[in-house]
Every structure is written in structure tokens, then in C-alpha cells.
């Protein structure tokens, strides 16, 4: 702001000085007398310019222009020359005007116009000087992390427009760059006039309305609210039957194919509550393979994966539909090794359901498993994981004995579950090492398993 104001003062001073000179000429001297004065001025131009050049820049011209006094010829001459020091072509224009017949008046007008142009040029230069160091703007070519568009890397362009204005503009730019990154999935709207609360216990007509809304809408937010409402109502046995009789299972299950992980999670939760009912399991079995495939390929340890595992666990509590998932045994054991604490517990509950069905024993022990699975028999794991893995080993060992598979050991490869649990001997050593575990419950379970070997 200081440079712009200084340039404006210089321009104003030059214009005022030129106008004052012209007024002095018109009012104080006559035409003929001023012609003589101007001729004398032309003759002494060289000597006067030498004296004037020792004065510094525009500040001297401002002081001279604004401080004009009618004291004599010697005062007027340096004032005119000061205005001309940055524009050597002014004298030539004045001379050309006089030779054309305009006389001293034409010279003065030419001088006035030239000074005016010089002032405008100085003002423009000052404005440019004040705008070189400009605002910090967002570079559109550099993407902002997590954002959909624009950039967050500052570049210099534009005008400063003063200290306060530039401070405000910088503050706005910073506030834009600190916005939360846009999400991959559709943004959930905060308000929607849904006819019911998600925790309301609905009657059959109300459930029909919710199912109709879910069937007709493509809005992710409405789908989520409807699925949560149906899932909460499916926790009650009377509504489990009502939703099935209203044809709600296919309407809910069609959302398994959606790409939105939130919608898939809510879909699995609703189907999980419905699967507690045996008749509903007969409807859900159509989609169990699709649920299993999606659960195995989705992001590891995600909420969608946990919801899918819970649904598969409920569907395998009975022996009716376990054969539909036998092709996924290797994936289950791989997930048991790779998953986090909660995934390990949930997948072990699922596998234990298969071990309690003797008919599934051969397929189960013949599948390939990672050798690192033996690390689960380590005392560093907590009680729940140790109890589940010991139960898994106990059930498989009992089934091998009951089904007479011990004599068929040649049928199984060295990478199979049969070889890892029965033939390698490493598993038995690990279990014996747990006999001195600090947890009494784990110690009792270990002793029970060892007595059956």
C-alpha cells in the first residue's frame, strides 16, 4: 500500500505543478513577454538541466510541484525542468508545437500534456511495483491430497491490494486447504424426512412401507436408514416372520451387489438378524455363496468383512447349508492367519461350526493351510484365541478318530490340515507347552485335550 500511495502522490504533484506553471504563465505575464522568457529558457536549458539533475528522483519533483510560489522567473524554470528529467522527449514536442505556429500557448499545452502522460506512466509503474509480490493462490495443476479438484500448493499471482486485504485473502486460502478430504462414497445427508425412527418397533404395515422405500430408492442415505430400521426390527422374532412373509429377504439381499461398503455392511447385519430364524435361512441360502465370495475379497479386517463373517457363522450353526461353503476352506484358514485379533476370533467360530459336523471332516482336514498357523498355539495370545484354537484342534482330532481317517494318512498332502495337526508332531509339542499357562481356564482346557491324544 505504501508504494501505491507514493506513486499517487508523485503523479498528483507533477500534475499540480504543471497546472500551476500554466496558470502563472496565463495570469502573470503577457503573451509577448512570455515568448521572450521561453526563448531565454531554451537558450539556458543545458545549464539549468545540469543543476537540476543533482536533485534525487520523484520526491524532489513532488516538493517542487506542490510548493510553487509566484516569486520570479528563476523559480519557474527549475520546476519545469524537474518534471522533464525522466522524459527527454518533452522539449522536442514543445519545439515542434512552436514551429507549427501555435506559439508559446501551444508549447505550454504540449508541455502540460506531456507532463500529464508522464504522471500517468509513473502511476502505472508504481501500481505495477505494488503488485509484483501478490497473493498466494491455489495452483490448479497440483492436486490436493484426498480432494476432488483444485490444489493446495501456493503460487504467486495477482495483486496484493493492501496489507489487511492480503491478510484476509491468505486466511481464506488457508481455510480452503484445510477442508476434510472428499470421501470415495456418496456423502451422507444430514437430514431426511424418513417416516420412522431407526429404533422404532414397527408393525407389518409399517414394515411394508419401509420395504417399499428400500425397493424404489437409489439414494445411499435412504438405503442405509431403511436397512438399519429393518435390521433393528429383525432382532425380534415376530418381525423376523413378518419381514419374510412380506417378501423382504430378496429386497434386502439385492443390495449385496452394491459397491458402497456401508450399504453392504448394513445389508449383512440385517440378514444376520433374519438368519436366526430357521425359515429365513432357507431364503438366505440362495445368497450365501455370494456373501462368502465378497467377504473373502473385501478389505482385510474391515467392517464389511466382519459383518459377512457373522452372517456366515449364523448360517453354519446347523448342518443344512455347510456344504455350500466347503470350497472356501483354504480361504478361511488363510484369513485365520492374516486377520487381526477380532477377525481371528470370528473366523475360528466359523471353522468350529464345521468341525462339529463329522460329515465335513474329510473335506476340512484335506484342505491346504499355511504352516504359520501353528503359531496360534502360543502362550502370548489371549484366553479367547487360545480356547478357540484348542477347541478347533480337539474337535478335528475327535473326528479323525471317529471317522477312521488315521489309517488313510496317505490321502493327505504334507501341506494339509491333517498333516499339520496330526502327523507333524509340532502341534502336540505346542499344546504341551501351554500346560504351564498362567490362566487356569486355559490350563484346564489343555489338560482336557492332552488326555484325548
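Placement of Cβ uses the backbone N, Cα and C atoms for every residue, glycine included.
Here the structure is a predicted model, which means the values were calculated and not measured.
Database features (Swiss-Prot):
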COMPBIAS  167-177  compositional bias 'Basic residues'
REGION    140-182  region 'Disordered'
REPEAT    195-235  repeat 'ARM 1'
REPEAT    237-276  repeat 'ARM 2'
REPEAT    358-398  repeat 'ARM 3'
REPEAT    415-453  repeat 'ARM 4'
TOPO_DOM  30-453  topological domain 'Cytoplasmic'
TRANSMEM  7-29  transmembrane segment
Mean of the pLDDT scores, which run from 0 to 100, over the repeat 'ARM 3' (358-398):
94
Going through 195-235, 237-276, 358-398 one by one, which has the most CB pairs that fall under 8 Å from the repeat 'ARM 4' (415-453)?
358-398
When DSSP states are grouped into helix, strand and coil, how many residues of the repeat 'ARM 2' (237-276) land in each?
33 helix, 0 strand, 7 coil
